[in-house]
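As written in Swiss-Prot, here are the features:
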- 25-90: domain 'J' (DOMAIN)
- N261: N-linked glycosylation site (CARBOHYD)
- T188: phosphothreonine (MOD_RES)
- 1-22: signal peptide (SIGNAL)
Amino acid sequence: MAPQNLSTFCLLLLYLIGTVIAGRDFYKILGVPRSASIKDIKKAYRKLALQLHPDRNPDDPQAQEKFQDLGAAYEVLSDSEKRKQYDTYGEEGLKDGHQSSHGDIFSHFFGDFGFMFGGTPRQQDRNIPRGSDIIVDLEVTLEEVYAGNFVEVVRNKPVARQAPGKRKCNCRQEMRTTQLGPGRFQMTQEVVCDECPNVKLVNEERTLEVEIEPGVRDGMEYPFIGEGEPHVDGEPGDLRFRIKVVKHRIFERRGDDLYTNVTVSLVEALVGFEMDITHLDGHKVHISRDKITRPGAKLWKKGEGLPNFDNNNIKGSLIITFDVDFPKEQLTEEAKEGIKQLLKQGPVQKVYNGLQGY
């Protein structure tokens with residue numbers, strides 16, 4: 001073999017060996033940098049899981065493989081120990097570890113029966129009985145509304161499991177009509193089957209991951225399909241987390257805008273001042289006033305409000321209302337005369353209907 005061909009062959013061999021050892025690029029699969037936080041990894045998985053789910057891509061022969069790669073990437077990068085091993089040794093360093101079902105990972109975010117693509121509730125077959133839905137209020141802070149968050153909820157869920165023997169049931173949904181009198185009828189379900197497998201309800205602990213999206217509004221609901229009350233003859237209902245934004249001690253939310261009040265001294269109101277307001281994510285909003293600030297004056301800081309739920313790139317305003325703290329102690333006659341001389345302002349005593357703007 002010529003030296004040049006031998007060199008090319010060796011380089012190709014080294015490349016193939018490196019590829020085998022390295023395995024799949026989990027960061028590339030999730031579309032995140034190697035410095036990505038756990039929050040970024042969860043957001044990326046949640047977004048891609050909806051796009052790549054095989055049920056949503058029935059015509060793609062590689063859909064199942066892509067979905068499995070996505071689940072494997074999330075399982076490793078969301079676990080600090082596995083991620084450390086992967087960063088050091090590649091996928092080969094994880095071969096001896098336990099791997100979760102990718103369906104389990106998906107249900108961790110969306111529920112047992114997956115996410116209803118298109119955002120519409122699942123269509124219920126009227127012939128299949130269904131357990132009750134459960135609605136749970138989930139309290140979130142204004143800080144979480146601003147920046148988003150992932151909240152883990154541990155739920156003890158009764159699950160129908162097979163039990164020995166048979167049971168009587170109404171799986172065929174047959175009805176009996178009984179006439180009670182003229183124009184009065186009663187319909188009852190008829191138990192016509194005694195051959196169905198027996199079932200029992202067993203409590204199982206499940207950990208669900210609720211994504212608090214930036215800009216989420218009070219009263220919005222996050223559904224987890226099949227995580228509601230079970231039904232021994234059918235399918236379980238749904239679990240819905242209803243967002244309840246708790247009050248904040250500094251900011252008040254109105255739509256995408258934030259409101260707050262700032263109290264300044266009389267001296268600051270007259271001569272000006274500078275100050276910083278600590279925002280919900282810790283960054284500072286600088287305020288500088290070099291003119292007179294009257295009680296009730298408002299200052300708009302555009303882009304310093306909450307992110308819009310539908311488009312996080314758009315943010316509302318921060319509206320600051322100023323209050324003036326007047327001195328508590330009484331002024332001396334000399335001080336009063338000094339103020340009169342300084343301000344050179346005569347009496348202004350006007351009586352009017354302020355509510356009408358006159």
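Every residue number used here counts from 1 along the chain in the order it is shown.
In case you wondered, yes, glycine gets a Cβ from its N, Cα and C as well.
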The residue listed as 'N-linked glycosylation site': secondary structure state under DSSP, collapsed to three categories: strand
Residues of the domain 'J' (25-90) by DSSP state, where helix covers H, G and I: 48 helix, 0 strand, 18 coil
